[in-house]
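Trainee: Mind having a look at this structure? Questions to follow.
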Amino acid sequence: MPSARPSTRTTRQRDEIHRVLTTAPGPLTVTEIHAQAQRDLPALGIATVYRTLKLLTDQGLIHPVMLDGETLYEASGRGHHHHFSCRRCGRVFTLQTCPVSLPRGTVFAGGFVVDAHELTLYGLCPDCAALPPA
């Protein structure tokens with residue numbers, strides 16, 4: 001009887017979607033991933049992108065990032081980092097520095113014990129900050 005689990009074999013579609021995410025400077029939306037992958041694979045369907053994102057997430061090769069209620073994706077293995085979301089152009093940037101000193105094991109009032117944190121900063125990127133106010 002065939003397995004219900006998706007195959008983990010390498011396909012052009014999986015390789016291309018993974019390449020898009022590993023070369024992106026920050027997290028991407030499904031629409032952005034689809035558009036970039038279609039440059040090399042014009043027949044790539046959006047359903048294939050969703051299935052592949054699920055598979056790559058399950059394999060730990062990528063992970064979802066929630067920003068402003070939307071799920072974006074980025075490659076795993078980039079180390080500790082945070083994100084900056086530009087309120088004018090909508091681009092999302094990866095910040096390699098951590099503005100928060102919050103060691104693992106920090107205990108907050110009420111007994112909350114920290115084992116990790118995520119942070120998203122919002123404002124204007126350098127390009128948008130250089131423009132006249134909107």
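Numbering starts at 1 and runs along the chain as displayed.
Even glycines carry a Cβ here, placed using N, Cα and C.
TrEMBL lists these features:
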BINDING   His80, His117  Fe cation binding site
BINDING   Cys86, Cys89, Cys125, Cys128  Zn(2+) binding site
Trainee: In terms of DSSP three-state secondary structure, what is the assignment for Cys128 (Zn(2+) binding site)?
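Mentor: Helix, per DSSP.
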Trainee: Using other CB atoms within 10 angstroms as the count, which residue among the binding-site residues Cys86, Cys89, Cys125, Cys128 scores least?
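Mentor: Per-residue Cβ counts within 10 Å for the binding-site residues Cys86, Cys89, Cys125, Cys128 bottom out at Cys89.
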Trainee: Count, for each of the binding-site residues His80, His117, the other C-beta atoms lying within 10 angstroms of its own C-beta, and report the residue with the smallest count.
Mentor: His80
